[in-house]
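Take a look at the structure below.
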Amino acid sequence: MNITTCEKNREKAVLIGLCSPPELPRTLVEEYLQELAFLADTAGADVLMSIIQEKKQRDPASFLGKGKVDELAVFVKENAVDIVICDDDLTPVQARNLERALECKVIDRTGLILQIFAIRAQSSQAKIQVELAQLEYMLPRLSGQWTHLSKQKGGIGSKGPGETQIETDRRLVRNRISLLKRKLREVLLQHDTQTRGRLIIPRVALVGYTNAGKSTLMNILCPEAEAFAENRLFATLDTKTRRLELKINKLVLLSDTVGFIRKLPHHLVESFKSTLDEVLQADFLLHVIDVSHPAFEEQMVVVRDTLRELGVEHDNIIDVFNKIDALEDPGALGALRMKYPEAVFVSAARGLNIAVLKEIISDHVALDYRERKIRTHVSNYKLIGYLYEHTEVVSKRYLDEDVELTFRVHKNSLKHIDALIKPLLIHDYAVADL
Ligand SMILES: Nc1nc2c(ncn2[C@@H]2O[C@H](COP(=O)(O)OP(=O)(O)OP(=O)(O)O)[C@@H](O)[C@H]2O)c(=O)[nH]1
Ligand SMILES: [Mg+2]
């Protein structure tokens, strides 16, 4: 147990984690609780104390067992604790019993993450998605105490989807869920119509663990993006897409996305799936990793698992190790480069190696370009102008009254361009064949 003091005007929290050595050692659970404390901090609470309990002592009724609960109840009372947060999932019964015994709010990690998403949601789309996930999570828990407490007190656990829904029965909640799903479909459809018909530009998406530095990287690559970045979890909930000019006439669309986390609530994954779907079908992904984090390799696994859960089976992923400036042992960089020879090592905050990253993106995009050569009369300026504007012209040669153009075009636009140049085609080969 470690006890710390906390700031005024913030909620006071106690964290609980379960260990079961040797598979789940205490040190690992301490790490989990550190992340939970970061989540609590993001939600507006300071951690007074953390408790780690052996898993085999888990009690089906009260989670902690009577002796521990009584002990904790005294601590809660003496220190005016507002909330107890459990790293493991609590059954509705356990949460209810603990709330009664401790006389304070009790939530689990899932509830806390949902709460942070609710605080952070800005756009109407994100709000719908979060409310949907909250209602799905709440549905089996609609039995009085939880809702009753959230009505009484402010703070964490109180920013539910609104009083009226909380007080209604399951049927009404289900109706609300259907309504939100319908609204979400409408928003997506609208978005679809807005983006349809745009010129096809290769797409790249930034993915990664929360706080890895995705938005900071977006800002340094596309300064006009003005993506919100800060040292809090889930700073970004909405996808943001900007144009990233790599070379003349070589553009990609870069998207910043919501971060992932260990045990990301399933309901959130489900409700964010529809909006993430489009960006994650990008031509390739940049997986941003906070290399200064002691658990970065575990975080890499979490990200890959979450992508799989989202149905993204992408083998076109570039690992971007970020925050190299914050490595405690700068000598570690050499070993990491050896271990991950394909990865690129950068510092988004300090702007280190960003040119190299751009080059790598550019090379990667180039793999998807095909080369075409046409010969046409110089008076066909409409087509020539179009090709100059929309493709990468690599050479031009005059032959009598004709002009011969060699240009590169991304595979996404190939069909469209080929239809225009079909009668004039001389050579048709991929860049890789050159
Ligand atoms: N030292 C250091 N800090 C960085 C670097 N890149 C980002 N950060 C910091 O890391 C924190 C998180 O950065 P964000 O860009 O918000 O991270 P994110 O991945 O977008 O996070 P979410 O949107 O919450 O998923 C901020 O405090 C950044 O200033 C870096 O290269 N070095
Ligand atoms: Mg972000």
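Even glycines carry a Cβ here, placed using N, Cα and C.
DSSP assigns Ala235 (GTP binding site) to coil in the three-state reduction, outside any helix or strand. Per TrEMBL, the feature GTP binding site maps to 208-215, 234-238, 256-259, 322-325.
All protein chains included, Thr236 (Mg(2+) binding site) registers 22 other Cβ atoms within 10 Å of its own Cβ. Per TrEMBL, Mg(2+) binding site is recorded for Ser215, Thr236.
Sequence annotations record features per position, and here TrEMBL assigns domain 'Hflx-type G' to 202-369.
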Residue among binding-site residues Lys214, Lys323 with least C-beta crowding, 10 angstrom cut-off: Lys323
Entries of Gly208, Val258, Lys323 which, being binding-site residues, have CA atoms within 10 angstroms of Thr236 (Mg(2+) binding site): Val258
For Gly208 (GTP binding site), the three-state class that DSSP assigns: strand
Of Ala235, Asp238, Lys323, i.e. the binding-site residues, those within 10 Å of Ser215 (Mg(2+) binding site) when Cα atoms are compared: Ala235
Segment confidence, the domain 'Hflx-type G' (202-369), expressed as mean pLDDT: 90
